[in-house]
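Report on the following structure.
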Amino acid sequence: MKQSYGYLAVRLCVFAIWGLLCFAPFLFQDVRALEVAARICIFIVLVASYDLLIGYTGIVSFAHTMFFGFGAYGAAILLKQMGPGWDAVALGALAGVVVSLIVATGVGLLSLRVKAIFFAMITLATASVALVLASQLSQFTGGEDGITYRAPDLFKPATKLLVDAEGKVVKIFGVSLNGKLAAYYFVFFSALALFWVMVRIVAAPLGTVLKAIRENEARAEAIGYRVVAYRTFVFCLSAAVASLAGTIYAVWLKYTGPDTALSFAIMIDILLMVVIGGMGTMWGAVVGAVLMVLAQYYLRDLMGVAADAVTGVPLLPELLNPDRWLLWLGIIFILLVYFFPRGIVGTVQTMGARQ
Amino acid sequence: MSEPSLVTRDLTIRFGGHVAVNQVSCAFHPGELTVIVGPNGAGKTTYFNLISGQLMPTSGSVSKGATDITRMSPSTRVHHGVGRAFQLTNLFPQLTVLENIRLAVQARSADSWRIFRPAASFTALTAKAEYYLEKTRLTKLAHQLASALPHGDQRKLEVALLMAMEPDIYMFDEPTAGMSLDHAPDVLELIAGIKADRSKTVLLVEHKMEVVRALADRIIVLHNGELLADGAPGTVMASDVVRDVYLGGATEETA
């Protein structure tokens, strides 16, 4: 059976996105663009790991940012306490993953037997506890202010990766080969590796079992799969990946606080991204994260340009006023969900069937 | 006669005040095909659910061979060789036919926990899945989604799933329900094939008398959750009490 044109188009598009992200520092040479590109990389991993839960296995969890936060705070606290160094990053990543695994196993074994809605509520409660703890334990976490720290020296903007004869940093296509570039590629390659691992997992026998549990839990049990064990396993796996994404983001931002790593606003972003991109596809995570992050960063600018272009026309400039960007973001979401009920990737994949 | 492969002892389940299965004791033997008959609401499917683990009994026990499986989860029972097909089509609708079968094959291998090699590269699993596709004549539909199959083929896939699990005990719950007459013989032929392997035990819930006559080595009759009759087809069908309950007086009983 040949894959549909839509399926091929999606794959082409995803490869193109990764290609653009790979050369982002050279293609989009400004600080904000690099910030956006790094955020996209992180959110692809975060959304893909959430898709393992909601899209593949049918588990609804609201604690995904909590695991992201464990990884971020793990690295942040250790970088602050031990000073900038790879040992702090590695230990922070490890600590984040270990804490995530312990919490995920506990929550999973205790509550993955109950109905989906109760499980969702329990994750919500657990995530709230984590958020409260982060703001209360301010001697470790910096409370609401968060923690500012330095990343390993390699990522300092002043670091010269390559120097020419005069000792100045080498530029390629006008881009300085400095620590900022190294930091971006650290984010990019870590994200790519984690995403690749997840794509492999869903293609492996385990992936089919997860889908079977989503499709028909009772029958999966009846043909011999211990559903609770598989669910707990995938919950732990996605928690560990989210935690690693948190560590990477913490190293990139050099700041970790409730707003960047733990807030429910991030959870809602993840949910929107996975729904817009398409659940149960992995590729949907890429498309969803790109669209959402771009919209969050550039919709206002775009509206400003549009509002200027229509000055003199009655009403339109008012509607397109950049201050109303959230209204338009909302309208775009509603339209996307209306026209792509299975997400962009999910819907496009089924189009253009070939014989 | 050989040692029984499956035994239920005083198996009972109550739902509130209603006793759905009441003290059913019965032994099943390898090489024997037992048809379970009884009017609607007699407790046939509930009895099946107790054996395959979807329900836990209020009292009584179930053993597979020498192992007591009464409190085991359905998935653990599968690993002890108890396999079950369902009355209402119960598949993985958004997976392909091949994936459906491969899941059943994979369930009893350790490969389900393999997380890093593409499923398609497990050639032994795929080969086995294809063998069962071939056997159930579903090969041509291998890459269709299960939800896209016509009803008759879904029923065949249901049977194929059970066969791919390679159990010792095969439990069929009305395998030909809702099937057209030209499809039903395919399924019956498959069941006859399993029966021909003398090491397997087959339990079959069935209403159609021609099916019962063609396949049964033994018939048990359930009525209001109780075991009413047990014996060779000729004897059971001829007994007055069965005629009364099953063929005659059933309608007012179930009201």
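From the backbone N, Cα and C atoms, a Cβ is placed for every residue, glycine too.
What TrEMBL lists as transmembrane segment is A:6-28 (among others).
Annotation comment: TrEMBL describes A:40-68 (among others) as transmembrane segment.
What TrEMBL lists as transmembrane segment is A:88-110 (among others).
If you look up TrEMBL, you'll see A:117-137 (among others) marked as transmembrane segment. Counting same-chain residues at least six beyond the ends of the transmembrane segment (A:117-137), those with a Cβ under 8 angstroms from any Cβ of the stretch are 59-63, 65-66, 69-70, 73, 103, 107, 110-111, 143-144, 258, 262-264, 267.
What TrEMBL records for A:183-207 (among others) is transmembrane segment.
According to TrEMBL, the transmembrane segment annotation covers A:228-252 (among others). Residues 38, 42, 45-46, 48-50, 52-53, 56-57, 59, 61, 64-65, 67-76, 79, 89, 92-93, 96-97, 99-101, 103-105, 107-109, 112-113, 151-152, 155, 183-184, 186-187, 190-191, 194, 197-198, 201, 206, 209-210, 213, 260-261 of the same chain lie 6 or more positions beyond the ends of the transmembrane segment (A:228-252) yet place their CB under 8 Å from a CB of it.
Same-chain neighbours of the transmembrane segment (A:264-295): 10-11, 13-14, 17-18, 36, 39-40, 43-44, 46-48, 50-51, 54-56, 62, 64-65, 68, 127, 131, 195, 198-199, 202, 211, 214, 329, 332-333, 336-337, 340, 342-347, 349, counting only residues six or more beyond its ends whose CB sits under 8 Å from a CB of the stretch. Annotation source TrEMBL lists transmembrane segment at A:264-295 (among others).
For the transmembrane segment (A:326-345), same-chain residues at least 6 beyond its ends with a Cβ under 8 Å from one of its own Cβ atoms are 10, 272, 274-279, 281, 283-284, 287-288, 291, 295-296, 299, 303. The transmembrane segment annotation in TrEMBL covers A:326-345 (among others).
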Long-range neighbours of the transmembrane segment (A:183-207), counting only residues six or more past its ends (CB under 8 A): 18, 21-22, 24-25, 34, 37-38, 41-42, 44-45, 48-49, 52, 56, 151, 154-155, 230, 237, 241, 244-245, 248-249, 251-252, 282, 285-286
Chain residues outside the transmembrane segment (A:6-28) and at least six past its termini with a C-beta under 8 angstroms from it: 34, 37, 40-41, 172-173, 175, 181, 184, 188, 192, 281, 283, 286-287, 290, 345, 348-352
